[in-house]
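According to TrEMBL, the protein has these features:
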type     : residues                            : note
ACT_SITE : K171                                : active site, nucleophile
ACT_SITE : E242                                : active site, proton acceptor
ACT_SITE : H246                                : active site, proton donor and proton acceptor
BINDING  : G11, T12, G13, G14, I15, G238, T239 : NAD(+) binding site
MOD_RES  : K171                                : allysine
REGION   : 58-101                              : region 'Disordered'
Amino acid sequence: MDDDVTFAVLGTGGIGRRTLDVARHKDGLTPVAACDRNGVAVDHSGLDVDELLDATEGNIASGPEADGDTPATPESDYASDGGAAAVEGGSVDDGTATATDGVKQAGEDAGIVASAQGEPTETPIDDVIAESDGIDAVLLALPNLEHDFIPRVAERFAGAGYEGVLVDVLKRSRVIGMLDDRTDALEESGITFVCGAGATPGFLTGAAALAAQSFVEVEDVEIWWGVGLKSGYEDNRGTVREDIAHLDGYDIETAREMSEEAIEELIAEHGGQLEFHDMEHADDVLLERAGICDAEDVSVGGVLDVRSDEKPTTTTVRVTGTTFDGERGTNTFELDDATSMEANVNGPALGYLKAAVLRNRAGDYGVYGPADVMPSF
Ligand SMILES: NC(=O)c1ccc[n+]([C@@H]2O[C@H](COP(=O)([O-])OP(=O)(O)OC[C@H]3O[C@@H](n4cnc5c(N)ncnc54)[C@H](O)[C@@H]3O)[C@@H](O)[C@H]2O)c1
């Protein structure tokens, strides 16, 4: 069997760029297409990742249209990451950048179109779908501030008769049901979809599923993450914005509409560290779906520090349960503080992608979670 995998990345922001980067260190993965909101790059013999990463360094198309011509309506792709993040022009990050200097994240030349391989387009996702006959797997590193955006993208692949793998790194619990609702269409098309396959949900959900194996009854699962993002802050504004929606007094709509200045103010008020409790992370429904425990027994929280690269707290998964012989215990899985968020999202996402390709080639279609599939290496 041909074990080489051609893949595409939808969204080359903080996560998608690192996906391409990490894939260079993995065997058998050839990136053949990538897109962001303004552009697309396709080369079926393999993209030049060095060139693409250099061209988009400090220049990701993160925000929506700078000129505001395209309003964010729920129907439009532009609703995917909302209204206010556009930043125009300036020099590359000098380490003291604020929201309004340094990074060209929006406007006509932002992102992939700055690469010699990139072409401007108003229909980046459709352009990748048009090439999908030659693509084994697609990693969706798109924002999900509009909840049904990723499910709708999946539906578009199914509508085009795509036969292959889709993997996303979405976070919100409610999106899993929206994907489940589309299972028939995905199966008919021949799609194997692994959803919530980043770090949390994803890697840590899978770790919880393994840690639960000592027990016959699982009482609770506690996921507590730490992320230090100083050097990666400019590149990860999409993720930070989505995380803010989990704070008390905020939701997805308010977070989507916040200006970069308002985000900076909020972060400054918290001394650079945001602490989250009871986050709506899909680890809960994904563990319930896998039969491990009830969704309500899973809690997810953590600390994000945008002013230091050190993790403010150690990422830990604690699974408490009772064994067949009546002992109560807690199995703990811990990440090393030296491993970055990007490593812990993209390593697993590509691992799940590889595993899903094997399933897909064996004719196994439908929607899977990270507790159902063991990622390949
Ligand atoms: N599960 C996890 O552990 C985990 C961890 C971190 C981030 N994430 C998720 O990863 C996703 C991406 O985060 P990010 O920080 O890379 O965001 P980002 O804003 O930096 O990047 C998003 C990318 O998507 C592109 N894009 C947006 N709308 C598009 C459209 N309609 N068509 C084509 N491209 C479009 C943008 O141009 C950009 O390249 C977020 O949803 C975030 O929550 C998950």
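Glycine residues also receive a Cβ, built from the backbone N, Cα and C atoms like all the rest.
Heads up, TrEMBL stuff is auto-annotated, nobody curated it.
Overlay of TrEMBL annotations on the structure.
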residue: G11; record: NAD(+) binding site; contacts (Cβ under 8 Å, 6+ apart): C35, D36, L140, A141, L142, P143
residue: T12; record: NAD(+) binding site; contacts (Cβ under 8 Å, 6+ apart): L20, A34, C35, D36, L52, T56, I60, A61, G111, I112, A141
residue: G13; record: NAD(+) binding site; contacts (Cβ under 8 Å, 6+ apart): D36, I60, A61, S62, A141, P143, D235, N236, G238
residue: G14; record: NAD(+) binding site; contacts (Cβ under 8 Å, 6+ apart): I60, S62, G232, D235, N236, R237, G238, T239, E342
residue: I15; record: NAD(+) binding site; contacts (Cβ under 8 Å, 6+ apart): A141, V169, G198, N236, G238, T239, E342, V345, N346
residue: K171; record: active site, nucleophile; contacts (Cβ under 8 Å, 6+ apart): N144, G196, G198, T200, P201, E242, M279, E280, H281, A282
residue: H246; record: active site, proton donor and proton acceptor; contacts (Cβ under 8 Å, 6+ apart): F276, M279, E280
Can you list the residues of the same chain, besides G11, T12, G13, G14, I15, G238, T239, whose Cβ falls within 8 Å of the NAD(+) site's Cβ centroid?
G16, R17, I60, S62, A141, L142, P143, D235, N236
Counting other CB atoms within 10 A of each CB, which of the recorded positions G238, T239, E242 comes out lowest?
E242
Among K171, E242, H246, the active-site residues whose C-beta sits under 6 Å from ligand 1:
K171, E242
So, three-state DSSP: helix, strand or coil for G11 (NAD(+) binding site)?
coil
Taking the residues G11, T12, G13, G14, I15, G238, T239 listed for NAD(+), what is the greatest CA to CA distance in Å, to the nearest whole number?
13
